[in-house]
Amino acid sequence: MDKEERKIINQGQEDEMEIYGYNLSRWKLAIVSLGVICTGGFLLLLLYWMPEWRVKATCVRAAIKDCDVVLLRTTDEFKMWFCAKIRVLSLETHPISSPKSMSNKLSNGHAVCLTENPTGENRHGISKYSQAESQQIRYFTHHSVKYFWNDTIHNFDFLKGLDEGVSCTSIYEKHSAGLTKGMHAYRKLLYGVNEIAVKVPSVFKLLIKEVLNPFYIFQLFSVILWSTDEYYYYALAIVVMSIVSIVSSLYSIRKQYVMLHDMVATHSTVRVSVCRVNEEIEEIFSTDLVPGDVMVIPLNGTIMPCDAVLINGTCIVNESMLTGESVPVTKTNLPNPSVDVKGIGDELYNPETHKRHTLFCGTTVIQTRFYTGELVKAIVVRTGFSTSKGQLVRSILYPKPTDFKLYRDAYLFLLCLVAVAGIGFIYTIINSILNEVQVGVIIIESLDIITITVPPALPAAMTAGIVYAQRRLKKIGIFCISPQRINICGQLNLVCFDKTGTLTEDGLDLWGIQRVENARFLSPEENVCNEMLVKSQFVACLATCHSLTKIEGVLSGDPLDLKMFEAIGWILEEATEEETALHNRIMPTVVRPPKQLLPESTPAGNQEMELFELPAIYEIGIVRQFPFSSALQRMSVVARVLGDKKMDAYMKGAPEVIASLCKPETVPVDFQNVLEDFTKQGFRVIALAHRKLESKLTWHKVQNISRDAIENNMDFMGLIIMQNKLKQETPAVLEDLHKANIRTVMVTGDNMLTAVSVARDCGMILPQDKVIIAEALPPKDGKVAKINWHYADSLTQCSHPSAIASEATPVKLVHDSLEDLQMTRYHFAMNGKSFSVILEHFQDLVPKLMLHGTVFARMAPDQKTQLIEALQNVDYFVGMCGDGANDCGALKRAHGGISLSELEASVASPFTSKTPSISCVPNLIREGRAALITSFCVFKFMALYSIIQYFSVTLLYSILSNLGDFQFLFIDLAIILVVVFTMSLNPAWKELVAQRPPSGLISGALLFSVLSQIIICIGFQSLGFFWVKQQPWYEVWHPKSDACNATGSLLWNSSHLDNETELDEHNIQNYENTTVFFISSFQYLIVAIAFSKGKPFRQPCYKNYFFVFSVIFLYVFILFIMLYPVASVDQVLQIVCVPYQWRVTMLIIVLVNAFVSITVEESVDRWRKCCLPWALSCGKKIPKAKYMYLAQELLVDPEWPPKPQTTTEAKGLVKENGSCQIITIT
């Protein structure tokens, strides 16, 4: 096998990686060991930081199949390296490892073949992960996932559970009987312990890991260097600061580990009952569960310790831990195609597709429904970190790096500082050699330049603004689990919103119903709760077709179901465990009308009277429920009226879907027109259908019948019209975002015309804007995929800006040409099906549609995630605001995902708002902008601080002098740290503005700002340094120098002079040092004021009272000790006395410096706002962002947007680069 081979694991997935094989080389290891000794351990540190260097330095390439070590590199933009050691799992060591047991193979690496002759589904057994001769399996662990060697694909692959490649039929036929004890033990050997092990590292381990951070190693190097130069006080101060920083970091990291550990520990070890092949029930610990175990769900509920598919019974589950949605969800058993001859056929089981039948790890089972003697059973499909909760925990434990231009530019800037330090390093060596300085002193002073140029406090200073922003967000009810994303939120220029519960109220009000009789719509009716309708099929559907349940006596479930059930005023009763036990079958949920609604006599003949009627009692039992599926956009139930021989099937859902499943002759001919009339007004419309089932369908047959056998050939019954009002604050928030030039997009699962109406009503689409509906059709019957373009236009303005009023907002299709379209704004609207077709067959059109796509309706959860990715691909910074239930993927994928949830923190989203209002979005963007500008300010200040101090030291090195220990201490602690941590306290500006903050440090205006301030500070510092030498009283300073007495200004205490003789050898005390110290101290404060930006992104600096007080105090203190020297202060700071006239001269230099610095910085700001856009427009510079470049192209494209009533077809196969030929048919 080729030793230079490279393979890909997790291909096509988010964690796709390249893999290389290596074997340990003894001679390389010996050379590295020698290098470690020669470098005093530094080489070992370097190899610790760089895993790829470590592997390449100690190993040689080898075939992946036979290697001892694997080197992994992610294929994303970060190209991160990891290494892992190959381990061997010996199956022969297990007591059950007999030839017979070894022949029982795992289907697709996971499923046990319980038959003697494995089918095609079972062709991949355990042997594909092992070598047949020794029965040993080679594997490695990366990010808590085990990857086993697969002989079939000649690559490493992670061991899958029953969640992939297993059909629904196979679930029942091959796995529902349970495992033998031997096979259970065998699988446990492979899958390991079922736990999401979040081990809280020991303090010592965390300490070592933290201390070995390059930043602290550099600080350790600095402290050792300063100590050798007898800068003990400054070195001690840095040590104290580092200890405080390390302790604080350790506390924070350990606290996060403990919180995460406690979150997963709730279900880590519980006792569960499992069914074995011989039908015995065995009680085991949840940690011993393996895929294939049949778990018995207890009657009183439990916290799920794994992912399991329900095969018997019904469960009410709270999934708030995963989704943030507190509404209980009903889970039913997985459909069994093998027992239903009318089913459409078998399908592969998938936890996401079949999530209504899957119990997810960490969720709470509240109640169960069961048959006596037939317990509620679920088959374990995934364990440990493979579960849905395990994957979430992994995303927290091993987050992807934050790809943000600011951080990339910061590293480049640090490299620039290192280069500057290198110049100073060389200059110091040359200057010292020319002055015949001792070798030891040369080495110390040269290295000292490096420690000055790269400021040790930079990382802490950069995070200060984020920490303060996080605290401010917490005060307004926004919680964050990813603080680094706060800065990124400052760059958001597009926000996607879910509709229901986000833009609109959670609750829907029943506006009315419109029933159908004889395939014709009756007049709309407002009141459903009346005697005339109580026994109609329409009301029976409302009473039964829902997923409501009683929890602790309170009716709970989906808000939409609750509103419908409350509207009819019926009563729901559920059987108790005792009542169920008295029967040989599960007791159904029963609904019945209150007595006052039941008519005393037979209703009029024109009412629907298909239901069997009892004179005394009328109630309906819900026999079987097919829960709502967002993919299918419908739900259905099978019910029976008490005393009736036949059962009834009821269905409700999206009108278009329901109509397609009904007999065509029962659907009114004007169905589409009536539906559009309601949806264009912003109403949410739900259709109902019904049919009588055959009498041969018994109770038990219904429990095993497929969904498709029920949901067809229905009778269309009519429409329910729900009014979904906008939240009061929605229009104002969207208006604020529009004023700030932040695009808004609606992503909803609702009807498209309803979504367009709501978008107009809330101001997302202005009345004068055009709406283009893209209807994409997939290839069919040899015809290529195509897109039909329809134009919609609003004739009247919205009736009320804050609610979807009952007055009509009619929408008409525009068929005439729109010559003025280029002069108006336009928006694209499409549904989820069209979006998927366009992604697959019209990839060239996707960027164009993303530029103006505003309404995306009927979107499934995975389509929402794809939309976020498509928007990011054209360089938008995308925010997403949703309820956390169906938006988990999109919330995590967006640059800034914010979930509206009552929970303080949700793993579903980086940000969580306790206030269920989109007002959190502008608040988050404002704080993000403030934090971003703070980071820029702090970085610029720290860069200037290092350059100013670097130049001060370089100047003094030229006369073989330096800053004193306490001078360093005063500058770094009293000035720099105080200024950095107070200048970061500026709150966010009170409103969003159209201007956007810069995204990186490498920009013309920002670089000019920094370079101009560097030149100014160097210039004035040089002026003071060389001018002091020209003074008539100047002389080379020595302990007996007395320039002050020469001018009669001040008499120094002679004892003070005598005490300074011990410092002569360092030449700290001299006139140049004193001059440079005073001027540079003022310069730090000057650039702090110049760089402390206020509006439009932060409050003015004069409102930052801590900063103002700190700067004034420092100014007054430095000015006082400069103009009126205090002997004790001068002695500590090693300042010499200079004539009063020179002190005044230094003050003038400082004042002029301040004037020039602040004036130049203000000019740079004005130049950026006024001249830069003009310069860019004159130069016709190509925008960096793809969407801006695309917008320029489309302005001159005569074929875009598509003309009314045209069709775009995809011609030929999609090419490798994703392009396709487009033809437009008028």
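Note that Cβ sites are derived from N, Cα and C of the backbone, with glycine treated the same way.
When Swiss-Prot records Asp498, Thr500 as binding Mg(2+), the matching candidate from Asp76, Asp875, Asp883 it lists for that site is Asp883. When the topology recorded in Swiss-Prot is consulted, Lys181 and Thr228 turn out to be separated by the membrane. With a cut-off of 8 Å on Cβ pairs spaced 6 or more residues apart, the transmembrane segment (1144-1164) and the transmembrane segment (1000-1020) reach 3 or more such pairs and are scored as touching. Highest Cβ pair count under 8 Å relative to the transmembrane segment (233-253), across stretches 206-226, 941-961, 963-983, 1000-1020, 1074-1094: 206-226. The stretch from 1000-1020, 1074-1094, 1106-1126 with the most CB pairs below 8 A to the transmembrane segment (941-961) is 1074-1094. Here the topological domain 'Cytoplasmic' (1-28) is broken down by DSSP into helix, strand and coil counts: 3 helix, 11 strand, 14 coil. By the Cβ criterion (distance under 8 Å, sequence gap of 6 or more), the transmembrane segment (963-983) is not counted as touching the transmembrane segment (206-226), fewer than 3 such pairs being found. In the topological domain 'Cytoplasmic' (1095-1105), helix, strand and coil residues by DSSP number 4 helix, 1 strand, 6 coil. For Asp498 (active site, 4-aspartylphosphate intermediate), the binding-site residues whose C-alpha atoms fall inside a 10 Å radius of its own C-alpha are Asp883, Asp887, out of Arg684, Asp883, Asp887.
On the backbone, the CA of Asp887 (ATP binding site) and the CA of Thr500 (Mg(2+) binding site) stand 12 Å apart. Most Cβ neighbours within 10 Å, among the recorded positions Asp498, Asp883, Asp887: Asp887 holds that distinction in the structure as shown. When the alpha carbons of Arg684 (ATP binding site) and Asp883 (Mg(2+) binding site) are compared, the span between them is 18 angstrom. Across the topological domain 'Lumenal' (1127-1143), DSSP helix (H, G, I), strand (E, B) and coil residues number 11 helix, 0 strand, 6 coil.
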